[in-house]
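K.L.:
I'd like to ask you about the structure that follows.
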Amino acid sequence: MGLFDKLANMLKIKKEQINILVVGLNNSGKSTIVNHFKNPNERTSIVVPTVGFSVERFENQGVFFTAFDMSGATRYRSLWEHHFKSCQGIVFVIDSSDRMRLVVVKDELEILLQHPDIANRRIPILFFANKMDCTDALSSVKIAAGLGLEKIKDKPWHISSSNALTGEGLQDGVQWMVHQIRECVANSKEHR
């Protein structure tokens with residue numbers, strides 16, 4: 001059972017569409033993580049860099065998930081904002097071994113957080129500190145400090161160490177996201 005199927009089972013929401021935006025710089029492991037979310041028989045053995053964006057859909061027990069896997073290349077980052085309004089959760093993937101571009105990650109995160117379609121919403125953001133198997137990888141604590149995540153007060157966020165190649169750490173992050181989306185859905189139903 002893929003991670004998105006587990007997410008669907010845990011949410012137990014019938015006939016709802018859940019959109020998740022997967023962002024991060026190029027070569028951070030976004031597509032490899034999305035590949036792990038698929039059912040085992042739908043996974044690809046070779047993951048290639050995303051050009052523009054790709055859309056992956058998953059269905060389980062009446063729950064329909066759409067994951068927008070956005071390219072992290074400089075020329076495509078402006079496409080991210082076109083999906084901000086329709087997403088219920090954001091997965092921000094960071095290459096823990098790419099110390100030189102951590103400043104660029106911080107800049108892109110600030111742009112995302114200040115966007116009008118994100119700024120005034122209580123949308124959960126899951127950070128995957130990916131490539132933790134690399135010898136020069138920063139710890140998730142150092143990445144959180146480097147990005148200033150403690151300053152995010154109006155949105156639930158969580159950082160999870162991961163290795164997209166083995167799947168290590170992905171389940172913990174998905175469980176956190178499930179809990180947050182469940183809370184957001186419950187709160188929105190209460191305020192209707």
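Glycine is no exception: its Cβ is also placed from the backbone N, Cα and C atoms.
Summarising the annotation, TrEMBL assigns GTP binding site to Gly24, Leu25, Asn26, Asn27, Ser28, Gly29, Lys30, Ser31, Gly72, Asn130, Lys131, Met132, Asp133. Per TrEMBL, the feature Mg(2+) binding site maps to Ser31, Thr50.
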K.L.:
Between the binding-site residues Lys30, Lys131, where is the Cβ count within 10 Å the lowest?
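P.N.:
Comparing Cβ neighbour counts within 10 Å for the binding-site residues Lys30, Lys131 gives Lys131.
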K.L.:
Among all protein chains shown, how many Cβ atoms are found within 10 Å of the Cβ of Ser28 (GTP binding site), not counting that one?
P.N.:
26
K.L.:
How many Å lie between the Cα of Gly72 (GTP binding site) and the Cα of Thr50 (Mg(2+) binding site)?
P.N.:
8
K.L.:
Select one residue from Asn26, Ser31, Thr50: among these binding-site residues, choose the one with the most other Cβ atoms within 10 Å of its Cβ.
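P.N.:
Counting every other Cβ within 10 Å of each candidate, the maximum falls on Ser31.
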K.L.:
List nothing but the largest Cα to Cα distance in Å, as a whole number, among the residues Gly24, Leu25, Asn26, Asn27, Ser28, Gly29, Lys30, Ser31, Gly72, Asn130, Lys131, Met132, Asp133 that the record says bind GTP.
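P.N.:
Spelled out: the longest distance between any two Cα atoms in Gly24, Leu25, Asn26, Asn27, Ser28, Gly29, Lys30, Ser31, Gly72, Asn130, Lys131, Met132, Asp133 is 21 Å.
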K.L.:
Return the count of C-beta atoms lying within 10 angstroms of the C-beta of Gly72 (GTP binding site), excluding that atom itself.
P.N.:
26
K.L.:
Give the distance between the Cα atoms of Asn26 (GTP binding site) and Thr50 (Mg(2+) binding site), rounded to the nearest whole Å.
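P.N.:
Distance between the two Cα atoms comes out at 8 Å.
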K.L.:
Is it possible to get the count of other C-beta atoms within 10 angstroms of the C-beta of Gly24 (GTP binding site)?
P.N.:
26
K.L.:
What number of additional C-beta atoms lies within 10 angstroms of the C-beta atom of Asp133 (GTP binding site)?
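P.N.:
15, counting other Cβ atoms within 10 Å of Asp133 (GTP binding site).
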K.L.:
Could you state the CA-to-CA distance between Lys131 (GTP binding site) and Thr50 (Mg(2+) binding site) to the nearest Å?
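P.N.:
Between the alpha carbons of Lys131 (GTP binding site) and Thr50 (Mg(2+) binding site) there are 18 Å.
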K.L.:
Any idea what the Cα distance is from Lys30 (GTP binding site) over to Thr50 (Mg(2+) binding site), rounded to a whole Å?
P.N.:
9
